[in-house]
Every structure is written in structure tokens, then in C-alpha cells.
Amino acid sequence: MNDFPWLTIIVGFPISAGSLMLFLPHKGNKVNKWYTICICILELLITTYAFCYNFKMDDPLIQMSEDYKWINFFDFYWRLGIDGLSIGTILLTGFITTLAALAAFPVTRDSRFFHFLMLAMYSGQIGSFSSRDLLLFFIMWELELIPVYLLLSMWGGKKRLYSATKFILYTAGSSIFLLIGVLGISLYGSNEPTLNLELLANQSYPVTLEILFYIGFLIAFAVKSPIIPLHTWLPDTHGEAHYSTCMLLAGILLKMGAYGLVRINMELLPHAHSMFSPWLMVVGTIQIIYAASTSPGQRNLKKRIAYSSVSHMGFIIIGIGSITDPGLNGAILQIISHGFIGAALFFLAGTSYDRIRLIYLDEMGGTAISIPKIFTMFTILSMASLALPGMSGFVAELIVFFGIITSQKYFLISKILIIFVMAIGMILTPIYLLSMSRQMFYGYKLINVKNLSFFDSGPRELFLSISILLPIIGIGIYPDFVLSLASDKVESILSNYFYG
């Protein structure tokens with residue numbers, strides 16, 4: 001047990017401070033915006049301080065654990081803790097949410113409620129990553145969906161209600177499978193039902209039952225990740241949402257699905273995961289090719305970036321399915337890497353729209369001269385997305401490739417085939433990313449229009465772009481900073497498998 005409830009404070013502070021904002025007298029939009037940014041910065045500083053002084057990187061066990069009896073009747077505990085798997089995602093959540101709050105400055109309609117929803121989402125996401133109790137994990141998982149739905153339905157494009165409804169139908173529907181899995185896995189094979197993840201990790205199940213549990217959790221996490229064919233909510237949602245919301249979706253929400261796959265499917269159900277891992281590899285490979293092939297056909301700029309997210313998530317699925325030390329480490333690194341890259345691309349797409357008021361690529365062209373700073377940052381981050389050496393994505397994808405090669409589970413011909421198809425996907429990636437830049441910034445469509453000029457990136461946008469670019473380059477140059485956080489936990493998870 002931890003002496004000081006750091007994690008409880010970290011989870012509860014954003015939503016508590018956000019609730020306070022709703023009840024205080026309205027002092028104007030500017031006050032609400034700066035209040036939210038200050039809360040996010042303070043939360044990030046508290047989190048960083050707590051982890052620096054309490055987290056030991058060479059310890060694969062749960063650290064900073066907190067265990068409080070909550071509801072006696074259900075034997076329900078408020079049980080929090082972190083390890084190498086969750087620390088990176090929690091810090092990523094804090095960083096991206098802070099930048100998203102800064103990106104939300106143009107929001108003026110109901111800005112107080114908008115910023116409250118961002119802070120409520122912040123608490124739900126950190127709660128999901130730090131939960132050590134299955135029912136608490138489910139509650140935090142659902143808590144995070146409510147503000148996302150409201151952010152999607154109240155702020156965005158003309159079809160925002162349609163996209164928000166589609167999002168909630170997919171995610172709430174998949175949550176039924178998550179709840180059934182949580183209740184089933186906690187009630188099975190014990191005189192005293194337990195929801196403690198540490199105890200459940202040592203539990204064994206009949207093969208058929210373990211497979212059923214695995215499929216239930218897989219459906220829930222496949223929607224959030226997303227894994228094809230359960231991905232169709234994502235392009236519509238990104239296409240209509242405000243770009244600060246898109247930053248939170250691409251940077252954090254998608255990573256919750258991948259985190260759940262490792263935390264529950266892989267750690268609690270190793271035998272079933274071993275059986276399903278070849279199918280994950282196949283689906284991940286198809287996903288890379290499918291999304292990379294579909295993306296060039298998207299006229300909507302944000303939808304094209306959304307399909308690139310689906311493609312990049314394929315590498316994470318393959319890394320999880322490889323059941324190797326490099327593969328799983330590469331998947332975790334890709335979770336962090338794409339969190340930064342995806343959020344950055346959506347921010348730049350949104351800030352471009354604020355200036356030219358166009359979202360369809362075939363209507364753009366010739367803006368590079370008018371907005372050179374946005375053009376430069378968009379080009380650099382497009383290079384990061386296509387895994388240019390020196391950027392975080394390159395290292396992550398390279399380690400995933402190495403994980404496939406070193407896997408002892410698969411035959412040589414299977415590994416060659418998977419790598420070959422993945423390589424085709426990597427060839428297609430520059431095609432849709434570079435054509436996107438060409439359609440946006442090159443040509444003569446807008447440059448020849450008389451009396452038409454655009455303001456380039458201001459200090460706020462430039463600061464935000466550079467802030468998100470620095471960790472992408474930093475991880476690309478020194479990936480061990482992220483890998484060292486999770487390496488011992490990865491070894492601990494893989495110790496339950498016969499190969500790795």
C-alpha cells in the first residue's frame with residue numbers, strides 16, 4: 001500500500017476541478033480556457049512528480065498501489081496501481097490533454113461545458129489506465145464514453161449527431177461484452193468472487209470458457225482500437241468532430257483498446273491469446289493494407305488521416321499477436337508514438353481548416369506560400385507518420401518487424417508472407433500521405449483567387465506544434481527512454497507463454 005494516495009488525487013483532480021468550474025460564476029470564455037489549461041498543467045506536474053519519486057523502473061510488479069473498501073455489499077474496492085505498461089499511457093494522456101485544451105481556444109459556444117467534458121474525459125482515461133480492479137476498470141471505461149459522446153454531438157460538423165450516435169452505438173454495444181466478461185471472469189471458480197486483477201492473473205480456466213472470455217473482451221477492445229471490421233465509426237467521428245476532440249480520440253482513446261488487449265486478453269488469458277494470436281497477426285496485416293488502400297479515396301482531409309490511424313494500429317495488433325519481447329515492446333512504443341503523431345496531424349488539419357475553411361482535398365491547393373509554417377510542420381509530421389528514420393514511428397515499426405522475425409511460434413514461410421504484406425502497406429503509406437500534402441499545399445487552385453489571403457500559424461499554434469514534435473523526434477533518437485519503462489513488465493507478461 002502506498003502511504004500517500006497519489007493515484008486517487010491524479011484520477012479525481014481533473015473531474016473535481018472541472019465540476020467546480022460549472023458552479024462558479026461565469027467569468028467569460030477566456031477565463032474558462034485558461035482555468036482548464038492550468039488544471040491540465042498542474043495535473044501533469046503532479047503526475048510527473050509522483051512517478052519520478054515513487055516509480056521504480058526495474059520492478060515489474062504493481063507500484064503506488066492503493067486499496068480501499070468502497071461498497072461492502074458487493075465486496076467492491078477502489079483499487080489503483082501502475083506498472084511499466086500503464087505509466088507511459090498515463091503520461092501520454094496528460095501531455096495530449098494539456099495540448100488539446102490549448103488547441104480548443106477557438107471554441108466559444110458553451111466553452112465552460114466543453115472544457116468540463118475534456119477534464120471529465122481526462123479522469124476517465126487515467127482511471128482506466130490505473131485501475132487494478134476489473135469492475136473499476138469497467139466503470140472508468142464507461143465514464144470516459146459519456147463526455148466523448150457529448151463532445152462529438154455538441155461541437156463539430158453538420159453530421160455530428162449522426163457520427164456521435166454511430167460512436168455510442170458501437171462503443172456502448174461492445175461494452176455489453178466487456179461487462180459480461182468482467183462478471184464472468186470474476187465469478188468463476190472461486191468461493192469468494194474477486195475482481196482483483198493481480199489475483200485473476202494467476203487464475204486458470206477451462207479452455208472453452210477461456211476462449212469465450214477472450215472473444216468477449218476482444219470485441220470490446222476491437223471497437224476502441226479499432227480493429228477491422230469494427231472500425232467504421234472512426235472515419236465518420238473524426239470527420240465531424242472538432243479537432244481538439246480529434247486529438248483526444250486519436251492520441252488517447254484508440255490506445256485504450258490496445259492497452260485493454262495487453263492488460264486483460266494477454267495477461268489474464270494467455271492460453272486463449274496463444275490460440276488467437278495467429279488470427280490477430282492476419283487481421284493486423286490485412287488492416288495495414290486495407291486502410292492504406294482506402295485512405296487515398298477519401299476526399300475529407302480528417303477522414304484520410306483517420307484511415308492512416310487505422311493502418312498504424314495494425315502494427316500494434318501484429319506486435320501484440322507476435323508474442324515476443326521485441327514485438328510487444330514495439331507495440332507499446334507504437335502506442336506512444338502514434339499517440340503523438342495522430343494528435344499532431346489532426347491539430348494541423350484543424351488549424352488549416354480554421355484558416356481556409358475547406359475540408360475537402362480536391363477543393364484545396366496552392367496554400368504552401370500563404371501558410372508556410374503550417375506547411376512545414378504538416379510536411380515534417382507526415383514524414384513522421386510514414387516512419388521516416390529519426391522519428392518515433394520508424395523505431396516502433398522496426399522493432400515490430402524484428403519481433404515477427406524472432407518469433408518461434410510461426411513457421412518461416414508465414415513470417416515471410418506477413419512481412420511481405422506489411423512491406424506493401426508501408427509502400428502505400430507514403431502514397432496517400434504525400435498525395436494528401438500535394439493536394440493541400442501545391443498547385444494553383446487557391447493561389448490564383450484574387451483578394452484571397454490566409455493568416456499563417458500564430459504563436460499558440462506554433463508552440464503547440466513544436467511541443468508535440470519534440471517527443472516524436474526525442475523518442476526516434478532515444479527510444480530506450482520509453483522502452484525501459486515497460487521492458488520488465490513485458491518480460492513478466494511473456495513468462496506465461498512457452499515462446500517469446
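Note that Cβ sites are derived from N, Cα and C of the backbone, with glycine treated the same way.
The following features are taken from Swiss-Prot:
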| type | residues | note |
| --- | --- | --- |
| TRANSMEM | 35-55 | transmembrane segment |
| TRANSMEM | 113-130 | transmembrane segment |
| TRANSMEM | 134-154 | transmembrane segment |
| TRANSMEM | 167-187 | transmembrane segment |
| TRANSMEM | 211-231 | transmembrane segment |
| TRANSMEM | 242-262 | transmembrane segment |
| TRANSMEM | 272-292 | transmembrane segment |
| TRANSMEM | 305-325 | transmembrane segment |
| TRANSMEM | 330-350 | transmembrane segment |
| TRANSMEM | 386-406 | transmembrane segment |
| TRANSMEM | 416-436 | transmembrane segment |
| TRANSMEM | 462-482 | transmembrane segment |
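Within its own chain, the transmembrane segment (134-154) has Cβ neighbours under 8 Å at 74, 76-80, 110, 113-114, 117-118, 120-121, 123-125, 127-128, 160-161, 163-165, 167-168, 171-172, 175, 178-179, 182, 185-186, 195-197, 200, 237, 240-242, 245, 248-249, 253, 256, 264, counting only residues six or more beyond its boundaries.
The stretches the transmembrane segment (305-325) and the transmembrane segment (35-55) do not meet in space: the count of Cβ pairs below 8 angstroms, excluding pairs fewer than 6 apart in sequence, stays at fewer than three. Against the transmembrane segment (386-406), the recorded stretches 35-55, 113-130, 242-262, 330-350 differ in Cβ pairs under 8 Å, and the greatest number is found for 330-350.
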